[in-house]
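Structure record follows, encoded as structure tokens.
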Amino acid sequence: MMESTGGPYLNTAAVTSPVGIARLLQVTFGCTTFSLVAHQGGFSAAYGTFCMFVWTFCFAITVFIITCEFTHLHSCLSISWGNFTAAFAMLATLMTVTAAVIYPLYFVQLGCYPIGCEVRDFRIAASIFAGLLFFAYAAEVFLTRAKPGQVTSYMATISGLLKIVQAFVACIIFGALVNDSQYSKYVATQWCVAVYSFCFVVTVVVVAFSVTGKTALLWFPFERSVVVYTFGAVLLYVSAAVIWPVFCFDSKYGSPRRPGLCAKGKCPWDSQLVIAIFTYVNLLLYVVDLAYSQRIRF
């Protein structure tokens, strides 16, 4: 005879709470978006494939999260559930806002020629729902973020959320690096690549230990180590923020202006500019991270 465990088998708050409603909206908007694109909107090339991957990936993980919380199955997983959901919500927010910008930029047009009015309308509708999907994930991040003075999981804090953003920005830098950036031309620019790679790897390791809940197994204090690493990352990014522009845009080593004969989409100068911009973005993120890491408790 099966005995009761002392509580309800289903967690209705998983779908009725503000966070639960936000997740239901994510599933609805996500399914609608990739269905519109797959049915009639269409996609092509690497940009379109990336957008479809984002929408289907986020849809699948969100359905998994809702199912686990509704059935209490998340208690059977050997991970830190709060860290996992907070990290995924932030990652999904970044991925969906990227897709919401890329898809209309490359596939939406005001006129009907040559794709036809029906295809155009489907693409416009998909772009609208892609934007709504981003706002749904951003709402979850807002609702689950750590409040001042609250003891919570690390990934729900400003510092934890910034770790996801830092890794995402690093991926953008890597994408520009492999797009004919000519980083191997000088030892100094190779040093910058080493900085980007080292900080990315350590940031991912910090997130992985937080999500898996294995921080207690470390023989050194995790919280203090994260702060020390963040300080080191600031110093490393300061060096990259100085070195990269000098060796790419100074007339002695590179070109201060975009070459006139440089082909669009295949110009090393464009990649170098993207890397320089996002180097400063990540430097700012690490500085803010360092400032907030002095105030968190998790």
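Along the chain as shown, the residues are counted starting at 1.
Even glycines carry a Cβ here, placed using N, Cα and C.
Features reported for this protein in TrEMBL:
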DOMAIN    14-149  domain 'MARVEL'
TRANSMEM  45-67  transmembrane segment
TRANSMEM  79-102  transmembrane segment
TRANSMEM  122-143  transmembrane segment
DOMAIN    154-298  domain 'MARVEL'
TRANSMEM  155-178  transmembrane segment
TRANSMEM  193-219  transmembrane segment
TRANSMEM  226-247  transmembrane segment
TRANSMEM  273-292  transmembrane segment
Query raised in the report: Any contact between the transmembrane segment (79-102) and the transmembrane segment (193-219), i.e. 3 or more CB pairs below 8 Å with pairs at least 6 residues apart?
Result: yes
Query raised in the report: For the transmembrane segment (122-143), which partner among 45-67, 193-219, 273-292 gives the most CB pairs under 8 Å?
Result: 45-67
Query raised in the report: Which whole-number mean pLDDT does the model give the domain 'MARVEL' (154-298)?
Result: 91
Query raised in the report: According to DSSP, how is the domain 'MARVEL' (154-298) divided among helix, strand and coil residues?
Result: 109 helix, 0 strand, 36 coil
